[in-house]
Amino acid sequence: MIGFPFGLEFSYHSIGQDVRVAKFGFMIKPLMLQGHERAITQIKYNREGDLLFSAAKDAKPNVWWSLNGERLGTFNGHGGVVWCLDVDWQTINLITGGGDSSCRLWDLETGKNIATIKTNSSVRTCNFSYSAYQAAYTTDKAMGHPCEVFIIDTRTVDDSISSQSPILKWEITDSKVTSMVWGTLDETIITGHEAGDLIQWDLRTGKKVHSIKEHNHQINDMQLSRDGTMFITASKDQTAKLFDTSSLELLKEYKTERPVNSAALSPILDHVVLGGGQDAMEVTTTSTRQGKFDARFFHLVFEEEFGRVKGHFGPINSLAFHPDGKSYASGGEDGYVRVQSFDQSYFDYTFDYNRD
C-alpha cells in the first residue's frame with residue numbers, strides 16, 4: 001500500500017505562529033487504470049464524479065467508472081496525440097483536441113464523434129464554459145500559422161459545427177497558449193502561456209483585459225477552485241501559484257525542486273496537490289525511490305508541504321480531485337491513471353498552531 005511517510009514533519013513560523021504537521025498512517029490501496037499505451041496528457045472528472053476521462057499520446061481518449069476503475073469505453077477518431085479534453089456539466093458531450101489538427105465533440109451516451117472541427121495546427125487546450133453553451137479551444141503556433149483562440153456555440157452540437165464560423169476568434173501574437181480556464185460568469189477566459197504570462201480576455205470583444213507575469217517559465221496547467229473564485233497554475237519554473245479569478249491577484253505560492261506539470265485544489269479542504277518531475281527524456285536516469293514522481297500535498301493557506309504519495313514510474317502529467325474530495329486521480333508519463341482514496345487519518349489531520 002502507498003502512503004504518507006512516517007515521521008514526516010515540517011514547521012512554519014510567521015507572525016507569531018507555530019505550525020507543526022501531524023504524522024499520517026497508510027492510505028487505501030489505489031486503483032490502477034491501465035488502458036493507454038502511451039503517456040497520459042490530461043484527466044478530468046465529470047461534475048458528479050462517477051466518471052473519469054483520460055487523454056493520452058496514443059490518440060484514444062478513455063472513460064472509466066471512478067468507483068471501481070472499470071473502463072466504459074474508448075473514443076476512436078483522432079489520428080494523433082490527444083492533448084486536452086473536457087466534459088460539460090450535464091455529462092452530455094465531451095470535447096477533445098489533438099495533434100492531428102482537429103477539435104472533436106462526442107456524444108457521451110453513444111460514444112459517437114458527432115462533430116469534427118479541422119484546424120491549421122495542433123489543438124492544445126479546450127474547455128466548455130460553465131453553462132456549456134460555449135466552448136473555447138486554442139491552437140499552436142506551427143507550420144506558418146499563428147496561435148489562435150476560438151469560441152464556439154455548443155448549444156446545438158451536430159455536423160454543422162464544423163462548417164460554422166466561430167463566435168469569436170483572435171490571434172495570439174506573443175508566446176503560445178499552453179493552458180486555459182473560463183472566468184467568472186462565462187464572460188472571460190484566462191490563458192496561460194509558454195513564457196509564463198497570464199492573460200484575461202473579454203469575450204464580448206476578444207480584447208485583452210488584464211495581463212500579469214508571475215511565472216518565468218511555461219504554465220503547464222490551470223484549474224479552478226470548486227466555486228470558481230480562485231484558480232491554481234502549475235509551471236515549469238518549479239512553482240504552483242494561486243490567483244484570484246476576477247482580478248488575477250497572486251494569493252499564494254507553492255515551491256518545489258522540479259517542474260510542476262499539474263496542480264489541483266481540494267473541493268472540501270484547504271489542500272493543494274502538485275505533481276510533476278523532470279522532462280520525459282531524463283526519466284530513464286532517475287529512480288522512482290528518489291521521490292521525483294510523488295504527488296505532493298500542500299496546505300492552501302500556510303503554503304507548507306505536509307505529505308507525499310508515491311506510485312508513478314515517471315513524471316505526473318495531470319491531477320484531479322474527485323468532486324467529493326475523498327479521493328484524487330493522477331495520470332503519468334508511464335501511461336497509468338491512479339485513483340487514490342484517502343483514509344480517515346487524512347480527514348482527521350489538522351494544522352495546529354498557537355498564537356503567542
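Including glycine, each Cβ sits where the backbone N, Cα and C put it.
So that you can see what the record holds, here are the features copied from TrEMBL:
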REPEAT    33-64  repeat 'WD'
REPEAT    75-116  repeat 'WD'
REPEAT    212-253  repeat 'WD'
REPEAT    309-339  repeat 'WD'
- Message: For the repeat 'WD' (212-253), I need the partner stretch with the highest count of C-beta pairs below 8 angstroms, choosing only from 33-64, 75-116, 309-339.
- Response: 309-339
- Message: Within the same chain, where does the repeat 'WD' (309-339) have neighbours whose Cβ lies under 8 angstroms from its own Cβ atoms, ignoring anything closer than 6 residues to its ends? I mean 6 or more beyond.
- Response: 2-4, 27, 30-45, 47-49, 52, 54, 56, 58, 64, 66, 69, 221, 223, 226, 259, 261-269, 273-280, 283, 288, 291-295, 297
- the repeat 'WD' (212-253): mean pLDDT? 97
- What is the number of residues in the repeat 'WD' (309-339) that are helix, strand and coil, as DSSP sees it? 0 helix, 16 strand, 15 coil
